[in-house]
Amino acid sequence: MIARLLAAGLIAGIVAGLAVAGLQHVTTTPLILAAEVYEAAQHAHDAAEATAPAFEGLRRTVATSLATVAVSAGYALILLAGMLFSGESIGPRRAALWGACAFAATGLATSLGLAPQLPGAAETDLAGRQIWWLATAASTGAGLFALLRLDAPAAKIFGAALIVAPHFFWPTAATPESTVPAELAARFAAASLTVQAASWVLAGALAGLSWRLISRDETEAA
Amino acid sequence: MTTKTAAIRSISGSRAETLKAAFVAFIVGLGLVYGAGFANSETVHDAAHDSRHALSFPCH
């Protein structure tokens with residue numbers, strides 16, 4: 001069963017990851033490259049050392065695609081694990097819905113406190129932002145589960161509290177200063193959320209589909 | 001009676017197997033997302049840089 005689960009997650013991750021990498025190539029990556037021009041100009045102005053990216057050209061595209069495949073496989077496995085834990089019947093439709101809820105937790109809830117940023121945007125301490133992001137995603141995910149899957153009114157109230165609570169602790173930058181033009185930043189925030197939504201829903205749908213196909217093969221063989 | 005007990009045992013056994021598999025998948029999945037989205041190693045950060053921004057993970 002473990003092998004079947006890992007295979008389903010991996011297949012879904014590779015297919016969804018490559019599709020999302022293609023989407024990134026035409027939506028978010030051009031905006032990141034444009035923002036880096038402003039960031040580099042600011043660095044040159046400050047006479048600081050030039051920050052050339054370690055990966056460029058084709059290497060950069062390959063590295064980005066691999067990272068996106070890894071994230072998509074991770075998303076697929078997390079969704080399959082969640083569905084198995086809660087005794088859900090796993091198919092493409094239900095898994096895509098789970099993906100949509102996961103996007104609400106890790107994309108919509110976190111973007112309220114930390115808007116998706118381009119390089120050069122105003123920032124606070126990275127570790128603090130990462131901890132807040134992870135805590136918010138986990139808390140919102142648990143809250144949504146309590147609201148949607150548990151029947152007791154107390155559980156629903158607790159779930160709502162879990163969804164609201166992280167937003168009392170946003171990590172806000174002291175001064176909202178950025179080298180990135182507002183127009184680019186706004187387009188990037190929208191593009192990034194779209195890409196993240198696509199990657200969760202696609203990873204979910206494909207994980208559900210490959211789980212069903214692999215399970216059918218196993219049942220026929222047995 | 002004996003058959004019933006055996007059946008219950010086998011159901012709870014397969015439930016335990018399901019939970020074990022789900023736990024392994026959860027840990028591997030979390031590891032992949034953490035590695036690509038959050039790990040502080042410079043090489044991993046540089047390789048995953050554009051994906052981190054694109055998938056709205058906190059970056060830099």
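Placement of Cβ uses the backbone N, Cα and C atoms for every residue, glycine included.
Under 8 Å from some Cβ of the transmembrane segment (A:62-85) lie the Cβ atoms of residues 5-6, 8-10, 12-14, 16-18, 20-21, 24, 29, 55, 94-95, 98-99, 102, 199-200, 202-204, 206-207, 211, all in the same chain and six or more residues away from its ends. Residues annotated as transmembrane segment in TrEMBL: A:62-85 (among others).
What TrEMBL lists as transmembrane segment is A:97-118 (among others). The list of residues near the transmembrane segment (A:97-118) in space but at least 6 beyond its ends in sequence, with Cβ under 8 angstroms from a Cβ of it, reads 31-32, 35, 75, 78-79, 82-83, 88, 129, 132-133, 136-138, 140-141, 144, 148, 163, 166-167, 169-171, 180, 184-185, 188-189, 192-193, 196-197, 200-205.
Residues or ranges marked as transmembrane segment in TrEMBL: A:130-148 (among others).
The transmembrane segment annotation in TrEMBL covers A:155-173 (among others).
Annotation comment: TrEMBL describes A:185-209 (among others) as transmembrane segment.
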